[in-house]
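If you look up TrEMBL, you'll see 42-60, 72-93, 105-124, 139-160, 172-189, 209-230, 259-282, 302-327, 339-358, 391-420 marked as transmembrane segment.
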């Protein structure tokens, strides 16, 4: 309410004419600009991190007021809970993005400190829980507490900096224009071959003038914290693992092997999901919004982590039961024979397919037209032999096609489960990308970034707007400006007014010239 009272609207309304005290007050407060690059983008990311525990409660349906509600009202309850989370976190972002830095920093510091004290008291009263046991709330809330501490430091820094600028009567530099000018300058440099380190050549080549927008930073911070919270819940499930495995099998050592697979796949799935987060950042930089991208990306990562973990756990259990347990029970020779038979069968099938391709290229294609050609032309030679070759291989290719179909299905399932968290890559076949809503969200975000955050377009728009303002100022009789180097005001006179003053001065000094003037 305070920030809205201080915010001014762009145009005057009817209410301003009736109540002159408003003076275009009660403007709309913008909490954050997800499509822009601002100087407080890391602060925005940590502000999202401070809300991570609330987001995870939303995932766990913890915002349901009554557990006896019918299923059809679940979507409405989730929307109400999401609105509540947004309202409780709104002051974080509004105080960071407001142009009234002193007021925003003061209110933001007080609000963040209040939340920090409330959370700390809540943890101190009962640090243990029923799911994780000892120190459950500390494990669950410490990322949010760290983010709130960062916000307290950020608000303190903004308050001190704004107070110093106000006392020194200085204006803050235009961050966005300087950053974009540097990026555009690097883009238009030609024949630039700087020396690259080994990391830049083989791992990642960074750009000192490229900066991720606040949307990508916020998504990354919130996604990593949410993955941490989901990971700790998954690790807890190992306590009940012996109950689950007791239904399947009563043998203790099998439970031990399965528990080891479960713990290993937790770490593997966590590393895979975190690598996806940084890979998406790299893809965004080399490739490049709609408002739903950030939320969808976090949901895809959380669900992708669970799916990857389950799939890896199933493959690990299959590997244990097919390789490790037979050796432990003294059936290693039979297992090796079965494994060798399977590998030999697959090798024969693959060799038969390679033999078909090699024979077709060697005997049934015409020779190269030029010696420099990489491939032979698709022109048949020995047609009669080729037709007999196709006929006798038709029946065997039926069985090969069946195995190839099963292999295709297995690869689709594995890759689909592995890449479900990758919102930048569709798991649908070509022609059906429109059915992948996550991929459409990624493409829409890239288009929005291209039109709204492209450095060249923004620099051109800034230059055009500055030129229009300069032309308007030159159209006036005179205008007052401030010298950026000295800070002293000076008056800029338009060319037309300056010419008229020179004409008047000339005629006053030379009255005889008035008779030679051209009549109007």
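Placement of Cβ uses the backbone N, Cα and C atoms for every residue, glycine included.
When each of 42-60, 72-93, 105-124, 139-160, 391-420 is checked for Cβ pairs under 8 Å to the transmembrane segment (302-327), 391-420 comes out on top. A Cβ distance under 8 Å defines the sequence-distant neighbours of the transmembrane segment (42-60), meaning residues of its chain 6+ beyond its ends; these are 32, 78, 81-82, 85, 88-89, 92-93, 96-97, 112, 115, 140-141, 143-144, 146-148, 150-151, 154, 214, 217-222, 225-226, 229-230, 298, 302. Note on the transmembrane segment (139-160): residues 40, 43, 46-47, 49-53, 92, 95-96, 101-102, 104-106, 108-109, 112-113, 115-116, 119-120, 122-123, 129, 132, 221, 225, 228-229, 232 of its chain, located 6 or more positions outside it, place their CB under 8 angstroms from a CB of the stretch.
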